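Note sheet for the following structure.
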Amino acid sequence: MRTLSLLLALLFLAAQTLAQPIDEGAEEVITEEPEITETQDPTTIMLIERGIGGDSTDATRSTITCYCRSRCRMLEKNSGTCRSSNCTYTLCCKKTS
């Protein structure tokens with residue numbers, strides 16, 4: 001009997017949710033990305049890579065350099081997008097030792 005009343009309550013809530021009008025005036029969430037152009041200095045990120053054992057004493061330092069370009073060059077990886085002057089570009093990153 002409890003199960004039946006629980007199912008009826010869930011069915012009632014689902015029907016109420018579907019019957020409510022959708023608010024078309026809801027605000028949009030806009031996320032802004034940092035603006036980077038190809039002529040500006042590249043973004044450089046220092047990373048510490050850990051060895052297989054995860055031991056911090058075996059850490060080696062490497063640098064990842066990122067540019068905003070229309071296309072990634074050889075050995076660069078597409079790491080997302082960036083915007084400049086209402087244009088969207090590819091964020092191209094390259095790992096150097």
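Using N, Cα and C of the backbone, Cβ positions are placed for all residues, glycine too.
These come from Swiss-Prot:
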- C66-C93: disulfide bond (DISULFID)
- C68-C82: disulfide bond (DISULFID)
- C72-C92: disulfide bond (DISULFID)
- 1-19: signal peptide (SIGNAL)
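Feature map: annotations from Swiss-Prot on the structure.
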residue	record	Cβ within 10 Å
C66	disulfide bond	19
C68	disulfide bond	24
C72	disulfide bond	16
C82	disulfide bond	22
C92	disulfide bond	23
C93	disulfide bond	17
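Within 10 Å of C93 (disulfide bond), counting C-alpha to C-alpha distances, fall the following of the disulfide-bonded residues C68, C72, C82: C68, C72. Each residue contributes its Cα atom, and for C66 (disulfide bond) and C92 (disulfide bond) these two points are 5 Å apart. Note: the Cα of C68 (disulfide bond) and the Cα of C92 (disulfide bond) are spaced 6 Å from each other. Distance from the CA of C82 (disulfide bond) to the CA of C72 (disulfide bond) is 13 Å. The distance from the Cα of C82 (disulfide bond) to the Cα of C92 (disulfide bond) comes to 10 Å.
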